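Peer 1: The following block contains the structure, expressed as structure tokens.
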Amino acid sequence: MKKTFMRGFAAFLLAAGLSATPALAADIQITVNGSALSSDVAPIVINNRTMLPLRACAEALSATVNYDASGRIDIYRGNDKIVLLLNTPSAWLNGEKRPLDVEPQVTDNRTLVPLRFIGEAFDCAVNWQQENNTVSIVAAAGSGQQDTDAPTFPSDTDITPENVPADVTITNQALQQLNSVRLQKNLDALSTAAELKTMADAHSKDMAENGYFSSNSPTEGTLSSRAKALNLPQPTEIIAKIDYRTETVYQAVMEWLTNENTRSILLDASAGYIGIGAYQQPDTTYVYLTAEIMPSRAYFTELPSSAVTVPKLTVRGRSQRLTENVIVYQLSDENTYMYSERKTYTAKGDGTYFYTEVEFDDPGRYALQVGNCLVKVTYKPAE
């Protein structure tokens, strides 16, 4: 890929522009492998270079984009990584600095990047068809795929236990990558919840130190029991084992996102919170990665006891809203969720946590719900 890029990059630098006669930006059409590119922002022309919104560009080329608050943009595709900086006329391909004719910039809350550079940097043929004002991008066969005869890390012989990235670096990269994909899919970013991260950190450490790879811990028990020990509803758990001699957290997260089951969990529109933990196995290049995802925009952080003896109960939970509806169902059947009565309580929140007091009218079984989180409680007055 590197040699191909150098040829393409040279062509990019020497090109006089996409058109000898500038076209109106709104008139420019983009096709990728023969299909029209859909974008909510029209291309624009700056310094005779066509600029395209980065999200549309990334999705069209099957790339993953990570944004940084400082203005740094990391773009991944196959074995290649491009680093761009907003308002900086340079780019870095796999660590090599290259000049840009037009610097990446933000217009109308969209990051714009040079189309020709992105296309050629990822080994795509970019052609200007003046007769119909169309930019055609054609991906080379096999481009964007991992090279089967090359390591996925730049040099596996350089990776030792001492220079594996720090655990916090790995978890930050994983979260940034996941949220970048969610934002590309018009989904809300997942927020880190301290209690879920505590759970994820503990499980990654447990797997690394005890040499197993499973959600069932020989020392701490099942996922359900581990959540119960922290007084939490059961989250959904995804795990990975990374050997940094041959791969990175980027490849591990991409495997999660390409697996049908784990992809549906990570891209669940109702999910709101996540905790990611990483732990390096001592004296090895192996890192155990755990993600705990709560499939709800709100959940209880202090589970009530399954049996209560007083008619009033204070419930607390996590939510980014200033108010939450807590619904209490009086169940009519011991083994199902059929109910005979329902009450809704408005819980006050501060943008992080909520709380309210609920009341049970009669002895019996109840279900408490907030968001998609539901717990059962039995009310039996003290004698």
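From the backbone N, Cα and C atoms, a Cβ is placed for every residue, glycine too.
Heads up, here are the entries from TrEMBL:
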type	residues	note
DOMAIN	31-137	domain 'Copper amine oxidase-like N-terminal'
DOMAIN	176-290	domain 'SCP'
SIGNAL	1-25	signal peptide
Peer 1: Using DSSP, what is the helix/strand/coil residue split across the domain 'SCP' (176-290)?
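Peer 2: Helix (H, G, I), strand (E, B), coil: 50 helix, 25 strand, 40 coil.
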Peer 1: Mind looking up the mean pLDDT for the domain 'Copper amine oxidase-like N-terminal' (31-137) in the predicted model?
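Peer 2: Here the mean pLDDT over the domain 'Copper amine oxidase-like N-terminal' (31-137) amounts to 78.
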